[in-house]
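Worksheet: one structure, shown below.
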Amino acid sequence: MNQDDKKKAVAQAAVRYVEQDSIIGVGTGSTVNYFIEALAPIKNDIVGAVSSSEASTERLTALGIEVFDLNSVDQLSVYVDGADEITEHRHMIKGGGAALTREKIVAAVAQKFVCIIDDTKNVGVLGAFPLPVEVIPMARSYVAREIVKLGGDPVYRQGVVTDNGNVILDVHNLKILNPVELERQLNNIVGVVTNGLFAARGADVVLTGSESGVQVNE
C-alpha cells in the first residue's frame, strides 16, 4: 500500500467508532479528508458534526452533513483527527495545517479521541516535525524570544493566518523528552494561544495504516 492507501484504510476503520444518532468531532488534514468521505454512506445515521476548521466544515457541508457550533453542543461521543507525529504514549504533535487551537478545543469536549495516521507518523521522541505555536500577532516577536529561552528555534510561518486570525511560529530543533511539561510551559507564555503538543490530553485510540493493514491501539 502507498501512503494514500494507508490513509484511506485508517479513515474507513475509524467509521466504526461513530455512534448512531450522535454528533461527532471532526479534525483537519489529508487523512481526515478521507474520513469525511467515508462518512458519506452513513451520513443519515448521525445528527451531524462539530468541525475543527473552515476547510473541514466546507467538506462536511458539501456532503450534506450538518455542522454545529460547539457552543450548542454539550459533549461529543468521539473526535477523529490525524497527527504529524505520535509516540507510543499517544502524545502527539499536531497543527501542520494551522488548525491546532480548534482541534485542541474540540478534542477536549470529546469522550474519546481517535487518532488516524499512517505508519510514517510514529516516532520514538517528538520534535523532528517542527512544533506549531499559535500566537496573537502583536506578541509574535516576544513569544519567539521566550521560546528561544526554552531551547527552540522559532520560525514565523509566512503568509499563514489561522481561522482565529492569529499567526503560527514553527519551533525547530526540539527534542521533546517531557511533552506534558513543555506543553504547559509554552501555553504559559503570554501571547500564546496554544501549541501543537497534544500530551496533557493525548489520543485514546490510535489507528495506524501499515503495509499489513490497520493496527489498532486502544
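The backbone N, Cα and C atoms fix where each Cβ goes, and this holds for glycine too.
Other C-beta atoms found within 10 angstroms of the C-beta of Glu103 (active site, proton acceptor) number 30, with every protein chain shown included. What Swiss-Prot lists as active site, proton acceptor is Glu103, and the listing cites sequence analysis.
Other Cβ atoms within 10 Å of the Cβ of Lys94 (substrate binding site) number 28 in total over all chains. DSSP assigns Lys94 (substrate binding site) to coil, not to a helix or a strand. For Thr28, Gly29, Ser30, Thr31, Asp81, Gly82, Ala83, Asp84, Lys94, Gly95, Gly96, Gly97, Lys121, the entry in Swiss-Prot reads substrate binding site, with the evidence type sequence analysis.
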Neighbouring CB atoms within 10 angstroms of the CB of Ser30 (substrate binding site), all protein chains considered, total 14
Other residues, Cβ within 8 Å of Thr28, Gly29, Ser30, Thr31, Asp81, Gly82, Ala83, Asp84, Lys94, Gly95, Gly96, Gly97, Lys121 Cβ centroid (substrate site): Gly27, Val32
Quick note, Glu103 (active site, proton acceptor) and Ala83 (substrate binding site): C-alpha atoms separated, nearest Å, by 11
